[in-house]
Amino acid sequence: HLPPPPGRWLLQDVREVGYKTERGRGSESPALPIQSEREPLPSKGLSGCSFGGRFYSLEDTWHPDLGEPFGIMHCVLCHCEPQKSRRGKVFGKVNCKNIKQDCPNLDCDDPVLLPGHCCKTCPKRVDDMKQTDSVLDSFDYFLEKDKEKVDDLHKSYNDRSYLSSEEVGSEESRTDFVAVLTGVTDSWLPTSSGVARARFSLTKTSLAFSVTYQRMERPSRITFLDSDGTAVFEYRVPRGQSHMICGVWKNLAKPLMRQLQSEQIRISMSTSRREEVEGKIIKHRALFAETFSSTLTSENQNSGMGGIAMLTLSDTENNLHFILILQGLIKHKEKEPHVVPIRVQLVYRQHILREIQANITSHDPDFAEVLTDLNSRELFWLSRGQLEIAVATEGQDPRQISGFITSRKSCDTIQSVMSSGDALTPGKTGGVGSAVFHLHDNGTLEYQVQVAGLTSDFIGLTIEVKPRRRNKRSVLYDLTPEFSKATGRAQGSWSRLEARHIHMLLQNELFINVATVHNQDGELRGQIKALLYNGLEAARHELPVPLAGHFVSPPVRTGASGHAWVSVDRQCHLHYEIIVAGLGKSDDITVNAHLHGLAEIGEMDDSSTTHKRLLTGFYGSQAQGVLKDISVELLRHLDQGTAFIQVSTKMNPRGEIRGQIHVPNSCEFGTRGEEEEDGEFDDYLVKDVEELKKDPQTCFFENQHHAHGSRWTPNYDKCFSCSCQKRTVICDPVICPVLTCPKTVQPSDKCCPVCDDRKEPKDMKTPEKVEEHLEGCYFEGDQKMHAPGTTWHPFVPPFGYIKCAVCTCKGSSGEVHCEKVTCPVLTCAHPVRRNPSDCCKECPEEEKSVAALEHSDMMQADGPRHCKFGKNYYQNSDNWHPWVPLVGEMKCITCWCDHGVTKCQRKQCQVLTCSNITRREGTCCPECVGKIRTRIVTKMEDAKREETQQK
């Protein structure tokens, strides 16, 4: 009962309704999936187009991706065109066209079609192919330099250097940016000598930033400027002593995100004394591999120049790669670029260890190089932060900037969750280990570790690398002497980190291992990795709350574990961040099979009056958020240390892992009181009425404003449930659960009857309170817990309730089973739907004729095992080449009908090993350019030979 994959659903959308926006769907919409398509929500207050699971802003253009095996339609260009409604509201409409007829006429004899292009191009000449790309935004240049000198690079380093952070994976999906901030030179104020380096990570619609600065006092304000120089976001810097600033810019509007991706956003930083530095935010692939860095400053006052160096070690050899981004070092007033000679030196206490001389241009002052074969002393000084890199221009007016090389700095937290499921020999012990690390500039690594729930006596705590052979551990550092068996904790510092170890630590290549008497190779193990800064008010420098099956009542022997940071702010809002390890996906194919688990918060007392709240659902290894509507009782339990955080799963709905939390607070009156216990947990918070009026997506219904995404019971009928979806109110009837109790009562304020159990009134469960069940099912669509045995129409934003499907909560296992409503096979030619809310059609009284195949309802239940593709029907075992709008027949793809299911496959092509690949028109597979040229020359020679013979 899982929905089709996004690519397949898009294909269905293209076949059945053509290229349409979600706003402009016709009456014949495709069969909707049981689960909502996980498309990114548009930025607040913006109009645009939804297409194929993505949101596009007005004026966006793109090539549609039909998914496998069709791929991206490079000859089709879609455009989100702005339209105005009668009321003057601007909305988006998708318009797609074939751009093949717009291809230019070429003057070469043998044009080629390159992969990923629509139009043919003339093949590059040999001298063109020798030209190299710019070193900016890539480590490719000095990787090749390194190969020429030593040819020692390990393949894994090669792979890392070519990958951007956007290509890592779903859980780590992010884009990294960097900016160099130097003094403003075109101001009437004295130019600053300060230099700042800002690192940014874009995830979805939030931009986290870490800023370090030198030669200036602590800034008071950080401002982001758009392409017009207008301030679009301002961050007031909190007071502090460190030279690190951490912040998050949340909910970036789509146009600003586009400007950020195209490097049109600038960042400015100013102090209370009006000292200002600024710079442009740029993408840089070097950020992905960077493990060491340096901020370069000038000793001259009011210099307005500076730079940064991003450095990394080779994975196998002691080669130090670096790239320099320089600003203000070269004064260029001429329009034409000129060459400037520079010297780059590696210095230790005024002694020059290495020197490189090179030329850079005034318009492109960035430089990349590799220092090969660092000796043991140089590596030692590198690990201690004692090496200095200096860059100087040569000539009549020499200028120099320099800075010490230290480990990469950021606001991210280095941490690890240790679980038995991740041990070298995986197990299910119910134990947990948690660790937090802090790396200093001098190479010292501070650590805090806690362990609980071990099945036998502790014997060892070590930091290790990945074993080279199975069960052959490679220990770097032994933390055992610092471990206290009485407290289950270890705290100390590792002051002998080598440069190689720092590199591996910042590349997430180290592990922490707990050994016991019965598991001497390790009972618990976890990867040490950086956790991205997210702006939540959680004290990450402190040890988090450990979460383990050992703490569940009764204890659960599980391979999963976790830890959580929890805090309560001055507004009595709960900030939480939970990391789990060992929670695998369910093997059962159910609607929520991809849901890893549920996080909830409650009190340790297991009585029937437990005040428990659902926090969120897990779809990866972490969950985070802010809970604003907490009851007074739960806040009191947090203050007394009698509350818990628990993660429940399908296998263990009563709790897979749990941890006791103690958060001192003075919230005597709570936040919004107890009566809101059945509201949404975090996503849709109650907003101020004036804010709701300003929001263009707000719904106005029964003289009240409702936020987008909110749900409520209307005044006109308590047996209906309404929701607001982008200014549209959708109301659907409530389905009452089937009750198995002998006696029922009908509460006056409720729609559905409930069991009448006078002896135990506390056990009465109403549909509005199903999220408080210890046993039950969590459904992603409405984000609620459902009691065992209850049935409901699935709620799928933004479509509302899907009437042609019914979901059932299967007992205490927590399994949600959704089925399509089975409609009877009709014999009439023109069935009708009696009521708009009905799922199945019926035959009119006056029609008794047999229904034609083309008029049958696609929502009807199982019929003949034929397939429908587009407007055509195919019998079982038929095969055909698909026809796609605006593209035509796709001869390289073959589809066939397999018992009612359409399957398509692209023609398999052999793997080519040549570097210059092209594809001729009319062929399905790419070929090497050399082979094509040989074929063309052969044909020309054959033609000449025939011409000679005829003469």
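Cβ coordinates come from backbone N, Cα and C, glycine included.
The following features are taken from TrEMBL:
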- 20-41: region 'Disordered' (REGION)
- 47-123: domain 'VWFC' (DOMAIN)
- 173-286: domain 'CHRD' (DOMAIN)
- 288-410: domain 'CHRD' (DOMAIN)
- 416-533: domain 'CHRD' (DOMAIN)
- 539-666: domain 'CHRD' (DOMAIN)
- 697-756: domain 'VWFC' (DOMAIN)
- 775-844: domain 'VWFC' (DOMAIN)
- 865-929: domain 'VWFC' (DOMAIN)
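Mean pLDDT across the domain 'VWFC' (47-123) comes to 79 in this model.
With a cut-off of 8 Å on Cβ pairs spaced 6 or more residues apart, the domain 'VWFC' (865-929) and the domain 'VWFC' (47-123) reach 3 or more such pairs and are scored as touching.
With a cut-off of 8 Å on Cβ pairs spaced 6 or more residues apart, the domain 'CHRD' (416-533) and the domain 'VWFC' (47-123) reach fewer than 3 such pairs and are scored as not touching.
Helix first, then strand, then coil: DSSP counts for the domain 'CHRD' (173-286) stand at 9 helix, 56 strand, 49 coil.
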